[in-house]
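Q: Quick one: structure below, then a few questions.
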Amino acid sequence: MDRPPENHSDGQPPFWKQRRNLVAFLAFLGFFNVYTLRVNLSVGIVAMTSSSGTKASEFDWSPELRGAILSSFFYGYISTQLIGGLLGAKIGGVKLIGYGVLCTAFLTILTPMAARYSVYLVIVLRVIEGVFEGVVYPGIHAVWSRWAPPAERTRLGSFAFSGSFVGTVFGYPLCGWLAEKYGWPSTFYVPGLVAIIWCVVWLTCITESPAEDKRITKEELNYIVDSIGPTDKNKISFLNYPWKDILTSMPVWAITCAHFCENWGFYTLLTQLPSFMNDVLKFNIGKGSLLSALPYLVMSIILQFSGFFVDWLRKNEILTTTQVRKIFNCGAFVSQTFFMYLASNSTSESGSIICLTLAVGLGAFAWSGFSINPLDIAPQYASILLGISNTFATIPGIVSPMLAGIIVQNKSAEEWHWVFLISSGIYLFGAVFYAIFASGERQPWATIKTDEKNGHDNKTFDAKV
């Protein structure tokens, strides 16, 4: 059951004409936009609260208040993870993602006006943005449960997710340049407008399932349906989901734990790296935002190769799905533990930048493990499993910026040492937990029974997925 299927893709159109690759490309651009809508505040808040030359800062916000503003997004984000997973499983993820990003983009454009009225209105806006953006990650697994053949899950999923990190790579320096050239309000207007354009393209070009796509070839449609099975005919009531089995499954909790631990280090640096560059390394906002993007550049490059490599290892039966998920996930976590520890003790600019770049960048291998894992163990419930794991994985987004705000009172290197040391320990715990409890096999409670009229007997369908 743990062996991946062979890829019977003969007779399909070339890859640039395959509709599932268009879904992946537009999903990549979607996550690109999602993350530019996040990092803009991390850069913008530095420009909003820093004085330059004779010009005083526009806002006098304390470190604690800045931490509260940066974490406010995640209060809304955590509230809609499971809801997004349930809606994705029920209605599909395409419209869910499109309208979620659209609402977030509109609210982002309103942020400068809100900031000049009241800091508390900014916090409220960011909470609401989090509510709408919270459905996006669970929604993409609902898309892949209908569009991604099992032999291509890691490649398609990893490529789409890498848009998050490419968005961070471009978002940091772009917002830094916009803030210096046109003022901090432009760091909200430009990403918001670009995201709205993407939403229009996504909602008009992508359908909920291959069967609804009028431009897909018969060969590609048959290949996807034969690989995945008739998912559209297997919708059940929320109340009839195997909730007890899901919530007591250790492979589910292994995914959740790994997601939490990876996000702790990721969110710590996503929200705090520009501040660290400014406080300790004394870089201006332009140079600081450019160097802040380096870890995510490394991550986005590695993720392109790791997705293909994982699927190659599975397809050629070099490693089982369970083995490849554990090796990639735990290997990444151990490496991140090491480099985050080195960063906490580094005394040089170049040493700090190199260690932090590797500590984040190597996380790409982990994303080829835990983030695709829900599609291995329960594809029809994958959006729900990601909703559960991302609910817990959003907690670091709330806690880590506030904890950093409490620890870093004097903007000293000694205070930042503790911020990085905490992340190092959390990575190590995640490696151990995932190594013990993770699985790549479809779980018994996720087996779908199909009737003969669908062209699949129970044994055949289970083996294919």
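Heads up, the Cβ atoms here are built off N, Cα and C, so glycines get one too.
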Q: With the ranges 156-174, 251-269, 327-345 to choose from, which does TrEMBL describe as transmembrane segment?
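A: That would be 156-174, the stretch labelled transmembrane segment in TrEMBL.
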Q: Compare 21-48, 96-114, 293-314, 382-404, 416-437 by their Cβ pairs under 8 Å to the transmembrane segment (68-89) and return the stretch that comes out on top.
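A: The listed stretch sharing the most Cβ pairs with the transmembrane segment (68-89) is 382-404.
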Q: Establish whether the number of Cβ pairs under 8 Å between the transmembrane segment (156-174) and the transmembrane segment (96-114) reaches at least three, counting only pairs separated by 6 or more residues.
A: no
Q: Mind checking which residues of the chain, 6+ beyond the ends of the transmembrane segment (293-314), have their Cβ under 8 Å from one of its Cβ atoms?
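A: Distal contacts: 3-4, 151-159, 161-162, 165-166, 168-173, 269, 273, 320-321, 324, 328, 353, 356-365, 367-368, 372.
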Q: Return the average pLDDT for the domain 'Major facilitator superfamily (MFS) profile' (22-442) as a whole number.
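A: Overall, the domain 'Major facilitator superfamily (MFS) profile' (22-442) comes to a mean pLDDT of 87.
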